[in-house]
Amino acid sequence: MIVLGIDPGSLSTGYGVVSTDDGRYRLLECGVLRLNPGKSHPARIGEIFEALDCLISRVQPGRLSIETAFVGRNVQSALKLGQVRGAVIALGVHRGLMLHEYAPREVKLAVTGRGGASKEQVAGMVTAMLGLGSVPKPLDVTDAIALALCDMLRNEGNVSLPKAKGSSRRGNGWAEFVKASPDLVVEPLKH
């Protein structure tokens, strides 16, 4: 199964494509669509739609995972984000993809074991789960990859994690995995 995770934004939209062909997670592609703030909002939505349509044609995912909308202090930003989400959802439906939406807290819980994890902790776990040599940048990308991984964990459940560096066997859960991989643990920022 191939899942496309999307972290939507009107100026920066992250994407991550993850597969589980052989029972292991594999990152197929990831990146960020950086949009020109000088263009109109509808023009940026059109660029997102076209770029993701090309990506879907190329990687042929079966599912699309997208972050749910949240309302912060800036209502105008929330409305613009909602329009981007709507375009991405419409594209997924048009292309016949199974669509799942996840709240940020649910994604963090699925990937790190903590619903209140920082973006840096999510990035660290994404890197560990996929056995990557370095953390993909920027955080919009790791958030999108985390959305794809969350979808796989919620809908497939029995996918193996790569072995932690220096371990001879798979651990008995997240606590042991983190203990065996101290170099992958990212501490939350102190305020």
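Here the Cβ of each residue, glycine as well, is placed from N, Cα and C on the backbone.
What Swiss-Prot records for this protein:
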type     : residues     : note
BINDING  : Asp7, Asp140 : Mg(2+) 1 binding site
ACT_SITE : Asp7         : active site
BINDING  : Glu67        : Mg(2+) 2 binding site
ACT_SITE : Glu67        : active site
ACT_SITE : Asp140       : active site
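Location within the structure of each feature annotated in Swiss-Prot.
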| residue | record | DSSP (3 states) |
| --- | --- | --- |
| Asp7 | Mg(2+) 1 binding site | strand |
| Glu67 | Mg(2+) 2 binding site | strand |
| Asp140 | Mg(2+) 1 binding site | helix |
When you measure from the Cβ of Asp140 (Mg(2+) 1 binding site), how many other Cβ atoms are you left with inside 10 Å?
25
Neighbour count, 10 Å Cβ-Cβ cut-off, for the residue listed as 'Mg(2+) 2 binding site': what number do you get?
25
Integer Å distance between the CA atoms belonging to Glu67 (Mg(2+) 2 binding site) and Asp7 (Mg(2+) 1 binding site)
6
Distance [Cα-Cα, Å, rounded] between Asp140 (Mg(2+) 1 binding site) and Glu67 (Mg(2+) 2 binding site):
11
Students should find that the Cβ of Asp7 (Mg(2+) 1 binding site) has, within 10 Å, a number of other Cβ atoms equal to 24
